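*Asks:* Okay, these came from TrEMBL:
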- B:60-79: transmembrane segment (TRANSMEM)
- B:136-154: transmembrane segment (TRANSMEM)
- B:175-193: transmembrane segment (TRANSMEM)
- B:246-267: transmembrane segment (TRANSMEM)
- B:279-299: transmembrane segment (TRANSMEM)
- B:373-393: transmembrane segment (TRANSMEM)
- B:414-433: transmembrane segment (TRANSMEM)
- B:484-505: transmembrane segment (TRANSMEM)
- B:526-548: transmembrane segment (TRANSMEM)
Amino acid sequence: MSEATANDVMKDVKKSNNQSLGAMLLKSLPDACKKFDPRTMWHNPVMFIVWVGAAFLTLVGIFEIFAPELRQGEPIQFTWIIAVCLWATVLFANLAEAVAEGRGKAQADALRKTRTTTPARLVVGYDAANDPDVRGPEKGEGPTTIQEVPSSDLKLGDVVVVSAGELIPGDGDIISGIASVDESAITGESAPVIRESGGDRSAVTGGTRVLSDRIVVRITQKPGESFVDKMIALVEGANRQKTPNEIALDVLLSSLTIIFLIVVLCLNGQASAVGASVSLTVLLALLVCLIPTTIGALLSAIGIAGMDRLVQRNVLATSGRAIEAAGDVTTLLLDKTGTITYGNRQASNFHPLPGIDQDEMVKASALSSLADSTPEGQSIVALANQQGFHVAEVPGATPVAFTAETRMSGLDLPDGTRIRKGATSAVEAWVEKESGHPMEQAVNDAMHDRVRAVSNAGGTPLVVARQDANGKVTVMGVVQLKDVVKKGLRERFDDLRKMGIRTVMVTGDNPLTAAAIAKEAGVDDFIAEAKPEDKLAYIKAEQAKGQLVAMTGDGTNDAPALAQSDVGVAMNSGTSAAKEAGNMVDLDSDPTKLIDIVAIGKQLLITRGALTTFSIANDIAKYFAIIPAMFMEQFPGLGVLNIMGLHSSLSAVLSAVIFNAIIIVLLIPLALKGVKYRAESGEKILGRNLKIYGLGGIIAPFVGIWIIDLFVRLIPGF
Amino acid sequence: MVYLFAILTLAFVALVLAAIYKPLGDYMYNVFNTDKDLAFERWIYAIIGCDPKKGQTWRAYLRGVLGFSLLSVLVLYLLQRVQAWLPWSLGLPNVKGPLAFNTAASFVTNTNWQSYSPEQTLGYTVQFAGLAVQNFVSAAVGIAVAIALVRGFAWRKSETIGNFWVDLTRCTMRILLPISVVMGIILIALGVAQNFAGVVDVNTIAGGSQKIMQGPVASQEVIKELGTNGGGFFNANSSHPYEDPNLWTCIIETLLMLAIPVSLTRTFGRMVGSAKQGYALLGAMVVLFAISFFAVVSFESFSDDPITRLTGGSMEGKEVRFGTVLSGIFSTTSTSTSTGAVASMHDSYTALGGMMYLFNMMLGEVSPGGVGAGLYGILVMAVVAVFIAGLMVGRTPEYLGKKIGPREMKMASLYFLVMPVIVIVGVSLSYLLPFARQSIVNTSLNNSGNHGFTEVVYAFVSAANNNGSAFAGLTADTPWLDTMLGLAVLLGRFVPILLVLALAGSLAKQDAVPVTAGTMRTDNKLFVGLLVFVIFIISALTFFPTLALGPLAEGLVA
């Protein structure tokens, strides 16, 4: 199966998520039915009780056919209808889980198709000195030999060579070579990416295809534990473990279940004190209505859907725990470049030195940048254009490219004029070398004044100098390059602050520049001239204060910080060391996503809490339906509690049970989509959710049961 | 008019409490947080071989509580069993086994359920050396456990939660004893009896003769209320004129019951570094208390029967000197704290009025609850409330900077399970087991039907909550009820304490999460409302069927 096909499947998956609720439920029906197995049900204590109740009531119904005296005056269909309703409650719970899992399953299938076994060319006894990439091992030269093995046999540390057109047999780091790789199979992004040895883009993923060139890869996975394997397991929820939060909620729900179980078991004992008794059918109906079935039914669907929402955004979390931790994060470390600012800087101003004509300086700057294809260079030309200087290319001119050594670029004109622009110290050195004497003090001061001014304003200074045809060297001025802060970020950071999250910008810039950009972007703090150790130290300091820290990273030297942070999002383009250290991987390698991840984590927790509140609040109305129904005949005074004016005892009980089942189905979309989340203070969020799910949870069932009763009373015998 | 008087009474009580809130709360804060030991305290530590500077893990603390309580039960049991041979026994015989066990369990657990009539059962020595001592130390145990839980919230990364022996000693010596002495003198001045006159024979106006017991009442009366004990010197408890002669003693006794439970929220606030957190808990307590109080007053004053309409209040079982309002505030206080003292007979209230007292206890006694027990009770409910609501804020729930994880939830959930399970299982066993049913229906109950059922429920609720008040009308000194209620009292006291101390231990180990804008605030009105709602809904949902079969079926008219 080719990646293209896999990609199509992925698109199908995303399409299928937009299906109507009915279609979704229908499709998941077979899977839901499989979950009736008591060994599966056992894992969900609340629903297991319902399952046992339904089975028991079915038996009671069978016995009642032969022994009508068991019915205690209730019509025979009553027990049967209630039994069916209880089975339906279990089915709806299973459906909720199946629908949630179904989405993941389709994604897993798509991924699985990429995991076909491919032949791998294993380099036996790899030695950097005898790099096959250099020596051409196919010819059988040198001490290394190539063996063809199936990719499934590759072990950790094996070295393979992959050429254009071949599938990479396993996860690894490129140790030699550079190649363009099509990673659409896992990212869904069709544009090829460059992967090369030695940098932060050295990691390759098994199942992706090399499009050009040839690379040597050291395998970094154990057999069966590849990245794709992990992804499949994750989206399928195969070894989904309950998060601490889910466990704590389970404890609460189990306690409520136990308490209601005891209430119901002991009800006839208490009722016997006053000569009343309640039939088995009504008791079971009461039990199922009281135990928190709504949240019990939807709990695992909420968890799976949360994971799924991350996957939809091309983020893979290694555990559900990581998503919850994201909700708890209080400090975000954001890299400046790419996250806060666009990757490239843009010219924003020309500052000529005293005595230099502004026009001259702009023209010189534009000229020197004409052949410069970097975004910075282009922006200088564009800015000059804006100011009315349209410089044409000079025929015969030689562009001087930027090198790491000279740290300058420029242009040599045919008449012997040379223009250079670059870092202050580099241009200064060039000027002194070309002119043969130190710079004049006045010029030097003027230059440094402007350089400092630009730095203070958060810009990057580029000094422009020109050497005439007759050898005279002049410092023309300083071009101000500005970091461009992404649009809308300030508002997002304000939102984060409302949510109680501090943002910290990490940058290699000097403190002055960093402070200026931090101010412009609206972050709370910054780390300037940051080295990876600084990040690590900062995270540790924050954590010592009790903060939970999230960060993104891609390089190998980010690995310690990623591992130390509470939520570490590794870029998929990064090294496998980084991916291993983080607890999430962003397939799109988009660091801005960190903010979305936090929102998804919060949304997951909110959904869980909202539905729990709703579920518990529902019980009030159910009591008001069932208690009068149970004892009204004997104690007419309790009729006062029948505030819904339900038709009869039987219709009241049945209506409550039907409501209890239907509400699960109605809430499946909410469980999957998650409760609406806005960036606000905890106070506001709580207030709103309490109103909707607490107050709503009290009122909704009164209305719902009343409406259902209007129909139920039409059933003969009720 | 009745409401105006009710409002004025509540306002007066509230005002006095407001005046002592800070001084008493701060004083208790200092008692538990100072490093200084007084000379006589050092002698005590030396005698029991305890190093007051050494903290205890929660397990060691628990061992202290259990060991001390077990020893107390044994001593109290023995004292009763050998009463006949003790001095100042007023010629009373040895107490029988089941009753001695029931009484010992009841007083050690701060319940003070009395299956017996004190005047006819216990002499001065047992009352003084046995019961009065327990009135002090059982109250101190409750406060110590509450302080240990608060330390769990306040301390960071700590393996220990304080020293039980130090807490016990300081609480008894520095808080309970001094207040008791001062207030005892005031009560004597206001007419509460205090002598060793024994039984006096008097000829009544009607020409009959009556034996009237007297004794050191005032000295017991203060700690009975202050320590939310409730065990009366007389069977009639605070409706007896020697215990509670007039309006002012009635109000003072009400205030004594509320003083420590209310002020402990201040102590709590100080210890966790924010007085506002204490106000929030206090707010929830006040709301629950006020609702219950006004409900009682309205049920008792406006019940729809001819006599009430004529007399302006349902006065059966109430002292004329107290009326519906004072009886109402005394009994609401007594059942909302774990005191269980009575100044009126709860059994004689209207069905719905009596239900409010039952319901005060069913809430788990958190409004404001017994000394210490009320604070740790409401803190556990706060943990549950924070957990449910905290999720809705989108963060792992945390209370006072401590995360509420699976372990914390386990302790909190089990805590709120204990009392209802004891009550519901106990009541239904009483009717399901043939011999128990026989004992209940034939011996214990004079009333049949819903009211009789309510009496049995009340007994179990009172025992499981360590309240000790009786609905009356129930003969509890039967082997079945003595044993079951004795068990209920022990389980209802020590299982929650075990869970609370375990919770304290796991909280103390945690580091604190700093407060941010995203944190759910637990010191504002929204949280107070939420807490009230959670406390209400958990007990309402658990006990609705029971209440429906008892007071609701009796009191509601279609």
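Cβ from N, Cα, C; glycine included.
TrEMBL labels come from automatic prediction, so no person has curated them.
Quick one: how deep are these features, and who are their neighbours?
*Replies:* Distant neighbours of the transmembrane segment (B:136-154): 28, 32, 58, 61, 65, 68-69, 72, 107-110, 161-162, 164, 167-168, 171-172, 175-177, 180, 223, 226-229, 260, 264, 267-268, 271-273, 370-376, 379, 399-402, 497, 500-501, 503-508; these residues of the same chain sit at least 6 beyond its ends, with a Cβ under 8 Å from one of its Cβ atoms.
Using a Cβ-Cβ cut-off under 8 Å and counting only residues 6 or more beyond its ends in the same chain, the transmembrane segment (B:279-299) has close neighbours at 2-3, 6, 10, 14, 261-262, 265, 268-269, 324-325, 328-329, 331-333, 336, 349-350, 352-353, 356-357, 359-360, 363, 366-369, 374-375, 378-379, 382, 522-525, 527-528, 531-532, 535-536.
Under 8 Å from some Cβ of the transmembrane segment (B:373-393) lie the Cβ atoms of residues 110, 142, 145-146, 149-150, 153, 228, 261, 264-265, 268, 281, 284-285, 337-338, 364-367, 399, 404, 408-409, 411-413, 415-416, 466, 496, 499-500, 503, 518-520, 522, 527, 530-531, 533-535, 538, all in the same chain and six or more residues away from its ends.
Within the chain, the transmembrane segment (B:414-433) has long-range Cβ neighbours (under 8 A, six or more residues past its boundaries) at 362, 364, 380-381, 384, 440, 456-457, 460-461, 463-465, 480-481, 484, 488, 491-492, 495-496, 499-500, 503, 538-539, 542-543, 546.
Among residues of the same chain six or more beyond the transmembrane segment (B:526-548), those with a C-beta under 8 A of the stretch's C-beta atoms are 280-281, 283-284, 287-288, 355, 358-359, 362-364, 366, 378, 381-382, 384-385, 388-389, 416, 420, 423-424, 427, 457, 520.
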*Asks:* Cβ under 8 Å to the transmembrane segment (B:175-193), counting only same-chain residues 6 or more beyond its ends: which ones?
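*Replies:* Distal contacts: 27-28, 31, 136, 139-140, 143, 214-215, 217-219, 221-223, 226-227, 242-246, 248-249, 252, 256, 259-260.
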